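Asker: Structure provided below as structure tokens; questions to follow.
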């Protein structure tokens with residue numbers, strides 16, 4: 001099962017394999033997405049309806065029917081039942097407790113000379129959350145996006161999601177939207193939905209940012225609208241890296257590796273350990289647990305192609321490997337796991353100790369499950385409140401202080417060849 | 001000069017004009033950039049040298065010559081002279097004083113039940129700053145990027161910049177790099193330089209993020225490498241919007257409008273005021289001051305095409321206009337300018353009062369001059385320390401607390417069809 005990967009020999013190969021699991025955007029996908037963007041720009045709601053009929057079989061002919069009614073939402077809430085509503089509320093509370101620590105405040109600085117400067121933090125006004133349709137519906141992802149957006153002060157938070165011929169949104173999505181206080185849900189998905197909220201139509205608002213996962217058409221449309229609106233990161237297949245010492249429990253390691261492997265044939269599950277006998281025991285557990293799990297074909301294929309064990313000399317070396325790969329999820333199953341935090345440079349979310357399995361973080365620990373994949377944790381962050389705000393600076397200078405900068409600003413501006421810049425300071429000290 | 005724009009009639013037209021000043025990327029530019037990316041991926045330094053010879057006339061044949069030597073840097077420092085070095089140091093100090101307020105700390109939260117969670121803040125490891133060559137060299141931009149990067153804790157901060165046949169980097173750039181403690185400067189520009197640092201070659205390091213302005217080839221290469229590395233925002237032509245009441249000084253307004261108009265024929269300069277007589281006086285000042293400025297063709301064209309005055313009923317309405325346009329630079333020339341901050345939702349940088357002209361902020365006030373343009377201040381921020389860090393979350397749960405979440409996590413995971421997720425929690429409470 002888990003192949004032992006020779007760290008000394010093919011470390012770069014592992015890294016390249018790890019970071020190249022993304023599906024390339026074909027020219028064909030890119031062209032058809034651009035056609036849709038152009039069409040929605042010209043024809044608005046009409047184009048949206050056309051593509052919903054064509055791609056989803058949703059036979060809409062009045063744009064009013066894009067909007068999910070209050071009654072539909074309430075029906076979804078009854079359908080999922082009280083117990084699941086309780087779980088959603090509990091999850092929301094857990095996510096809120098963690099993320100409220102990320103809420104940033106505007107600040108001012110006052111210099112003794114009368115200068116005042118500072119930074120305003122403002123929530124984005126309008127944000128659209130894309131929620132994929134189909135069988136794999138993830139109400140947890142609605143919570144993971146909506147809670148930080150609301151904490152940031154986003155005024156208008158909408159959901160766009162595709163529906164099939166029956167025109168129905170999955171009730172778990174409706175229930176999650178209800179719990180989060182989503183303003184409006186629109187029954188439109190695919191590249192046309194992204195185009196609609198990036199540019200605005202009669203029915204869809206033009207938003208400031210689009211977040212949420214989607215298929216290759218949705219991802220391409222988001223990428224091609226980047227700049228017109230902001231988008232969240234470009235997500236790839238999921239991954240887990242577990243750093244374990246010889247005392248770690250192989251049963252837990254096997255279970256946690258498979259919890260990521262089951263997501264996708266392109267998912268990656270890697271064990272980095274100081275103990276080669278641990279690898280043996282993990283392999284036995286993989287076989288045992290696979291016997292009763294359901295998504296076994298996916299698990300086997302992802303572990304075969306993108307899984308592996310790396311045996312290292314020391315924990316220090318283990319974290320060098322981990323920092324090099326920059327995993328989305330990092331589990332630390334060693335004695336005194338908290339002591340390892342200073343060694344961690346690159347990871348999306350870190351799970352410390354035997355009783356913090358990664359799936360707890362997918363749902364209810366409170367940390368965000370929208371995380372950078374494929375090695376991009378080197379430069380991207382876990383989704384957070386900071387993704388739904390923007391910062392503006394401000395400054396106030398009294399005349400006497402500007403005067404002390406007058407000569408230097410004028411020299412600097414002239415050196416850069418910008419004499420209207422120099423003039424803007426100079427006119428303020430001209431004799432009348 | 002300044003046309004009065006009818007706010008009631010064509011407000012959307014103004015906004016569209018304002019936000020559509022970006023040059024579209026032609027298919028030809030995109031294709032030739034992609035060819036260069038492919039070539040650098042395959043041929044590394046060889047490809048870099050080929051394009052430097054072809055596009056810049058820099059006849060390099062040994063990749064070692066990409067690296068600017070210590071002696072070249074010291075020569076640059078002597079060449080600019082002591083007075084300019086003093087100005088650079090003073091500017092750096094001003095920028096540092098403001099930006100050190102943006103330095104973020106890692107935090108932990110401890111729940112009473114033994115749960116510990118938190119967020120790590122880590123500076124990016126490797127960042128490349130692109131510095132354009134040619135006549136318009138902006139040492140100020142080196143400082144505006146390098147100071148926040150260094151404050152964020154970036155370990156390896158490099159500059160990439162094109163050189164011509166003489167192989168020389170502009171001495172003001174060398175001096176600014178010296179002041180900022182840039183680690184290495186490479187004599188390579190254009191799309192090939194972006195490709196080089198996005199993927200790494202024998203000579204150029206693979207970096208985590210690329211920042212800095214550049215021509216359409218550089219911007220396209222950055223956009224096409226996005227995801228492989230992080231990039232800063234997609235910058236467009238500059239703009240200023242001035243909100244002024246009837247008491248504002250028309251001389252200052254005219255000077256400040258022109259200080260942005262001189263950047264580019266696509267720059268935009270807009271006055272929003274409660275006073276129609278002020279517009280008259282500003283127009284007289286524009287004519288008077290143009291008589292002694294140098295970049296008059298550019299100023300005239302940008303004011304003609306993208307400038308204008310908007311007359312409003314009240315300051316409240318003035319800020320509605322300003323928030324709608326979301327200007328890069330917003331000057332507030334009214335009585336009690338500080339009182340207007342609560343009205344401002346969208347602006348890159350805000351300049352309050354008569355003696356805080358925008359060009360002060362371009363150089364020495366301390367705020368950043370790398371700002372969102374073309375209405376993107378609705379969702380992008382001024383460049384800051386936060387652009388050079390990433391956040392990772394961490395969590396630690398004791399067994400007893402995981403147990404209280406066990407049933408709900410398992411239910412949630414099964415509802416989402418992910419039974420290996422459920423299993424990861426369940427195995428921890430199996431009977432041995």
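Cβ coordinates are placed from backbone N, Cα and C, and glycine is handled just like the others.
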Asker: Quick check: of A:208, A:297, A:362, A:387, which does TrEMBL put in the same Zn(2+) site as A:260, A:263, A:421?
Answerer: A:362
Asker: Taking only C-alpha atoms and a 10 A limit, tell me which of A:192, A:215, A:238, A:260, A:416, A:421 are near residue A:329 (active site, proton acceptor). These are the binding-site residues.
Answerer: A:238, A:260
Asker: In whole Å, how far is residue A:260 (substrate binding site) from residue A:215 (NAD(+) binding site) when you measure between their Cα atoms?
Answerer: 19
Asker: With a CB cutoff of 8 A to chain B, go through the recorded positions A:130, A:215, A:328, A:416, A:421 and name the hits, or write none.
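Answerer: Near chain B: A:416, A:421.
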Asker: Could you state the whole-number distance in Å separating the C-alpha atoms of residue A:362 (substrate binding site) and residue A:328 (active site, proton acceptor)?
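Answerer: Rounded to a whole number, the Cα-Cα distance is 12 Å.
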Asker: C-alpha of residue A:416 (substrate binding site) to C-alpha of residue A:192 (NAD(+) binding site): distance in Å?
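Answerer: Between the alpha carbons of residue A:416 (substrate binding site) and residue A:192 (NAD(+) binding site) there are 45 Å.
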Asker: Tell me which of the binding-site residues A:192, A:260 sits in the most Cβ-dense spot, judged by other Cβ atoms within 10 Å.
Answerer: A:260
Asker: Fewest other Cβ atoms within 10 Å: which of the recorded positions A:328, A:362, A:416 wins that one? Let me know.
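Answerer: Least crowded of the recorded positions A:328, A:362, A:416, by Cβ count within 10 Å, is A:416.
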Asker: Measuring Cα to Cα, how far is residue A:421 (substrate binding site) from residue A:130 (NAD(+) binding site) in Å?
Answerer: 44
